[in-house]
Ligand code: F6P
């Protein structure tokens, strides 16, 4: 266990100063209009660069004074020192007594000037050597699948890869696969099974040719009920399909051979994988110092590595690494993840924001909000600090979102005019993978030949402008609006946003974006004094699901032992079942 006790952030001088500025009793009154009007340099000063990401913080409820105290808070809490401790392999995951080394997964092979230096050893393990030998093994396997050298049991090359996993063993691969679709090799497709709802396996195997399908069972623990159940369903599907077409004989040997050719696994629990029947040769390992939600750079990414190829994957990893280096070396007032993490603390703890929206203006990032939900909420939704003492302040914002412009036509009403302040991150790229022109136009505001991405980006820019500056009652009146609806058409403004702009959705940029949010989560967790790397809160539900299962299967005694609400719900369910 680490000896370092969390510092109570409320005991710092910076916290008192921030509380004073927020005017908790009097009410903070931000003035983005005034701040921009009186300070022409605001946008420039608050726009930072982290690798390819241009990050405009100027439309946040931030002044120089607030920034000074936020920076001081990070200094007093020693965020930089904790980050150094993390990347060096200290057991900062205190409740599980583990190192937290996802940053080691993307260190370049034999990189010069690495911190810690190449070949560093943690708990007796040469981390770099193990990371790179596993990556090389995955790359070699991926090349075999991509080239058609790896074949199914009837000698046909693989055309579909089905990743079976859940949580971090699903959300990362599916999000990155979707984000990097333009890089997927022609003729290859990935599908992702996660839910134990049987329709998920049913739908994802529908229409597949078993002879050209490869299943990857991805589970850090290889003990997750959903994943193992789905893996068994998939194995059954494979056998039945191959038997029905006569591709295999009805023998154990043929079944074993089919699994060897059509199933591989990614796990830290090699013994359990072997028990499932997967050839140990076809297992890609990782380590307990990689948390599930931080595991996309490990062999958990095997499905995506097959789809986009090792070269693109190396570029993806390099994007993470460059952000890791930014996090490690940039001064706090220029450090994008640190400042974004501090702003989130400012909004959560001082301005009482309840949630945080992430709004990608890039359709290929449509699973990014879902990915961030696990990353942020499984990490920071805690009520005790890493030494077991209770937190005395709010932790863990609710992260949510949808791609723009879809969100605009759904929930932006609340962002613009609701009673709650929802800080929002807007993410866009300058160059879409598939630029299209609207050749016809609409004869009015859309010119013939209009670049559609420019229209899309106009929304990106307009929304943050509207949120920041609003529309006053006088401006509404000046439009000739009937007085009775002036209040309804007035926009208060001062709704904080961060705009993140990248040149294009390349593998490196996707890596940079993920690393950015990983580090934001880290910063918030350290300020709050919580262990962002455990997830005990998911355990009770898992235990109770097992306890409730006999009742759901019709065991009368088990049903009787439930609380009255659960009992009557299960009874109703049993009645409704055909
Ligand atoms: O239940 C939560 C969790 O443990 C996540 O943290 C993890 O990403 C997910 O389940 C899947 O776990 P595994 O990879 O071990 O199957």
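Glycine residues also receive a Cβ, built from the backbone N, Cα and C atoms like all the rest.
In TrEMBL this protein carries:
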- 378: active site, proton donor (ACT_SITE)
- 409: active site (ACT_SITE)
- 542: active site (ACT_SITE)
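Taking the features listed in TrEMBL, we show where each one sits on the structure.
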| residue | record | DSSP class |
| --- | --- | --- |
| 378 | active site, proton donor | helix |
| 409 | active site | helix |
| 542 | active site | helix |
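Within 10 Å of the Cβ of residue 378 (active site, proton donor) there are 22 other Cβ atoms, across all protein chains. Other Cβ atoms within 10 Å of the Cβ of residue 409 (active site), summed over all protein chains shown, number 10. Sequence-distant neighbours of residue 542 (active site) (same chain, 6+ apart, CB under 8 A from its CB) are 225.
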